[in-house]
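Notes to accompany the following structure.
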Amino acid sequence: MVMRLIFFFISLSCLVGVIHASAGDSDPRYKDCVEECKITGCRFSSDGVSVDGSWYMQEPLYLQWKQWDCQSDCRYHCMLKTEKDREILGTGPVKYHGKWPFKRVFGIQEPFSVAFSALNLAVQFHGWLSFFILLYYKLPLRPQNRKPYYEYTGLWHIYGLLAMNSWFWSAVFHSRDVDFTEKLDYSSAAALLGYSLIVAIMRTFSVRDEAARVMVAAPLIAFVTTHILYLNFYKLDYGLNMKVCVAMGIAQLLLWAIWAGVTHHPSKWKLWTVVVGTGLAMLLEIYDFPPYGGYLDAHALWHATTIPLTFLWWSFIKEDAEFRTSNSMKKVK
Ligand SMILES: [Zn+2]
């Protein structure tokens, strides 16, 4: 197992190495094209804009925006041009600035990833809503305080909110990749992964005591917060972020897998399916392939696989709530 993990991290760091090298943007044809485009194609940002009146104050910002737009448009058109040349020569696609050459659809950079992120968001919302209805309207509530019997209710509510937040920013980021959308996507994903690791520990070890919960959560929250601050305000280190996220992901998959192996939980087969399915889906992130037809790449497929897995995951959570509630009711009687 340790050997396999080491192998996994080695192949991961190789992948990161490939990302940083980006063969496409060092291609002289591409470089020349971008240089030329900057001179001939960006004229709109420097001519004929009125500078008097109340618009004066907004002028620099407006120009900046246009300038940025011009650079990204130049890069895009030069990438398509270079890719066409490569195709004629019979060479396969390469990455540009760390990204595969995607074709835009209505100005959206990666339409498939956006669509799948939106579907993930919808499935998360449906799961969370049905969980809410189950707990507060279908299952019995404690007569003393009208609160659910299920001890993990609050934890799953926060999980649902963090998951929806993270899919929202994923959809935004894949629509248009700029510095702040990228940071929000990465930060939300790290927060969700860190938090779901906390929930995994709480549930698999049945941590129900308030003090014990604080002891488990505090160091992990401190670690994830530091990691997110580091990414946003010090250095957006893709390699490091990938390692941290994979480590947190593998840790919780192992916890759930071991727990599913020893528990007599009635829905453990659902847990197994989600664990094995997520493990297999993660391979898509590692064996990255270029977008099929310029649209469908490994990352988009990875976002597609989490849609049915999320559906199954919330169904496990709901059955866990029913199971725990009926156990508590038996004890009360
Ligand atoms: Zn993504």
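Residue positions begin at 1 at the first shown residue.
Using the three backbone atoms N, Cα and C, a Cβ is placed for every residue, glycine included.
Residues or ranges marked as signal peptide in TrEMBL: 1-21.
The transmembrane segment annotation in TrEMBL covers 112-137 (among others).
Within the chain carrying the transmembrane segment (149-172), a Cβ under 8 angstroms from the stretch's Cβ atoms is held by residues 113-114, 117-118, 120-121, 124-125, 127-128, 131-132, 135, 139-142, 181, 184-185, 188-189, 191-192, 195-196, 198-199, 202-203, 208, 303, 310, 317, 320-321, 324-325, 328-329, all 6 or more beyond its ends. For 149-172 (among others), the entry in TrEMBL reads transmembrane segment.
Among the features that TrEMBL reports, transmembrane segment is placed at 184-202 (among others).
Residues 183, 186-187, 190-191, 194-195, 197-198, 201-202, 207, 241, 244 of the same chain lie 6+ residues outside the transmembrane segment (214-234) yet bring a C-beta within less than 8 angstroms of a C-beta in it. TrEMBL lists 214-234 (among others) with the feature transmembrane segment.
The annotation transmembrane segment is assigned in TrEMBL to 240-262 (among others).
Nonlocal intrachain contacts for the transmembrane segment (269-287), taken as residues 6+ away from its ends with a CB within less than 8 angstroms of a stretch CB, comprise 8, 11-12, 15, 246, 249, 253, 256-257, 259-260, 298-299, 301-302, 305-306, 308-309, 312-313, 315-316, 319. Per TrEMBL, transmembrane segment is recorded for 269-287 (among others).
Annotation source TrEMBL lists transmembrane segment at 299-317 (among others).
A Cβ distance under 8 Å defines the sequence-distant neighbours of the transmembrane segment (299-317), meaning residues of its chain 6+ beyond its ends; these are 110, 112-113, 116-117, 119-120, 123-124, 126-128, 130-131, 156, 163, 170, 267, 270-271, 273-274, 277-278, 280-282, 284-285, 288, 291.
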